[in-house]
Amino acid sequence: MAKNLILWLVIAVVLMSVFQSFGPSESNGRKVDYSTFLQEVNNDQVREARINGREINVTKKDSNRYTTYIPVQDPKLLDNLLTKNVKVVGEPPEEPSLLASIFISWFPMLLLIGVWIFFMRQMQGGGGKGAMSFGKSKARMLTEDQIKTTFADVAGCDEAKEEVAELVEYLREPSRFQKLGGKIPKGVLMVGPPGTGKTLLAKAIAGEAKVPFFTISGSDFVEMFVGVGASRVRDMFEQAKKAAPCIIFIDEIDAVGRQRGAGLGGGHDEREQTLNQMLVEMDGFEGNEGIIVIAATNRPDVLDPALLRPGRFDRQVVVGLPDVRGREQILKVHMRRVPLAPDIDAAIIARGTPGFSGADLANLVNEAALFAARGNKRVVSMVEFEKAKDKIMMGAERRSMVMTEAQKESTAYHEAGHAIIGRLVPEHDPVHKVTIIPRGRALGVTFFLPEGDAISASRQKLESQISTLYGGRLAEEIIYGPEHVSTGASNDIKVATNLARNMVTQWGFSEKLGPLLYAEEEGEVFLGRSVAKAKHMSDETARIIDQEVKALIERNYNRARQLLTDNMDILHAMKDALMKYETIDAPQIDDLMARRDVRPPAGWEEPGASNNSGDNGSPKAPRPVDEPRTPNPGNTMSEQLGDK
């Protein structure tokens, strides 16, 4: 930044000097008005007058000098001067030099060209590559000294590591494979959800292989100029040929490798040209021996089939979400840099985090360390890991949000309805935690934690989920009446409706329609796929689908209503527990469902005489209630956005 400022200052000084030297020179001496000059001529005080256009340099008889200017053409001036014996000297007008004329005429164009070059250099990354380097590859070559990641830093994806380990062995000992006639795959495509470690695995390959490693993003190819993408692909492979054997890693390849065909607008032509060049370079007329292309994407469905065929990306490595054993290994890798308390058990944390990716687990360990740092602790304990898990799963607490007692009570009934139905219906995930503390965008959260990694779901389990989703709305309706039901169940209704529609149209859970696929692909339109969609069902079939979805919803809605009506004592008791403790866990829910006195949550400190429930002791055991409580008109708009 300082160098650029100095450069511009030097340029400004030079330009000012040039204009100063090429500009008209100012006359030395004082200036006198023309009338005074004429008066002195008439008084015979002037000895010499040098006339240069309208400027007159005057020398008086007493040797004083001054300059005056003729305001208008005066035809009598010359006669008057000669009459008074004034020496008249004529001087030619001052003309600029040829160099100055050329410079002044070309300066605006040169300035525009200079500004254009400056901005082009800035767009090329700071001006270090030259103004015409658009077609040069942006791939960065990393040497073995720059990459410290190894397979020891990658955990939770043993099968994927075994697949890519062959690449490393080939690069180290190619003769071992060649003598048996084997050929190493030219390309490996790593596929998996976001955060599962695809890029980390590529770094580990580079660290283990000890060969040059070129890395580039799929979005670095296509830019504002036509032909830049294809040129960069050619240049990248030219560089790789010079450094072979080597590895090229293309992250997020779906940015440039999407399926060719009709798309939106005409901008896809440049991307297709780039893709065509990549197809030729990977397996075209000229071979690229010793170059292995590794790519990563989380959208393999949009890639062009020609890119996925053998000879280009021969092997697809699925890097999926880790299972419980993989999560434990990942946690141990990230825990190596954190001082841990003796009570830390990675296996317990792994069992409580189903569905977490490697990035989620890394974030979990980091959040736990931050919680410990806020508490001025020297080690990280299980308490911090529980707080971190709740924050990631349910959102950050918003204790500063002001809620009235009526809103808290409505939220407590809503969340209690979810929890009770979740405990009473079959095959439902266990209730892990219920809270009325606002978290994220929700005023309250009921969190269900699966006991293991979910692979598939039965029809009974899905219907239980629908019943549980409507438990919150039904609790409000039963307690306060239909006219006081809030909008807090909007997200629950959306999720339940989508679940029921999928059961009918995709999973064959309708006796009337049978095991047929009725759902149309509803993915977003993207470049490389046709915009037009064909209709695959008649209007009558669509009407039957709507009827089946509605019947499925109503059946589970009525089941949830009956369960809540039969357990009103538990509903009121759970509301009281939530109003007092704000957050209850599985042990408190077990006490409530067993109609026992509720034990305080772990770490609970009695606040004294003041508490939300108006009772200093623990909430009492549920007791049968014959009539619903009086509706509270102050909670008609309690919004639990995304409360489940």
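Counting begins at 1 with the first residue displayed.
Note that Cβ sites are derived from N, Cα and C of the backbone, with glycine treated the same way.
Model, not experiment: these values are computed from the prediction.
Taken from Swiss-Prot, the feature active site covers E415, and the record attributes it to a curator's inference. Here Swiss-Prot flags G192, P193, P194, G195, T196, G197, K198, T199 as ATP binding site, drawing on sequence analysis. According to Swiss-Prot, the Zn(2+) binding site annotation covers H414, H418, D492. The annotation compositional bias 'Polar residues' is assigned in Swiss-Prot to 632-644. Under the heading region 'Disordered', Swiss-Prot lists 598-644. Per Swiss-Prot, the feature site 'Substrate binding' maps to F225; the stated evidence is a curator's inference. Swiss-Prot lists 26-98 with the feature topological domain 'Periplasmic'.
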* To do: Taking Cα atoms as reference points, rank the recorded positions H414, E415, H418, D492 by distance from P193 (ATP binding site) and give the first.
  => D492
* Asked: By a simple count of other Cβ atoms within 10 Å, which of G192, P193, P194, G195, G197, the binding-site residues in the record, is least packed?
  -> P194
* To do: From the recorded positions H414, E415, H418, D492, pick the residue whose C-alpha lies nearest to the C-alpha of G197 (ATP binding site).
  => D492
* **Cβ-based neighbourhood (8 Å from the centroid) of the ATP site, residues G192, P193, P194, G195, T196, G197, K198, T199 excluded** => A296, N298, V319, S357, G358, A359
* Asked: Among all the protein chains here, how many other CB atoms are within 10 A of the CB of H418 (Zn(2+) binding site)?
  -> 30
* Structure fact -> Out of E415, D492, the listed recorded positions, fewest other Cβ atoms within 10 Å surround the Cβ of D492
* Asked: Relative to the Cβ of K198 (ATP binding site), which residues of the same chain, six or more apart in sequence, are found under 8 Å away?
  -> M190, V191, G192, A296, N298, V319
* Structure fact -> DSSP says P193 (ATP binding site), in three-state terms, is coil
* Given T199 (ATP binding site) and H414 (Zn(2+) binding site), what distance in Å do their CA atoms have, once rounded to a whole number? -> 42
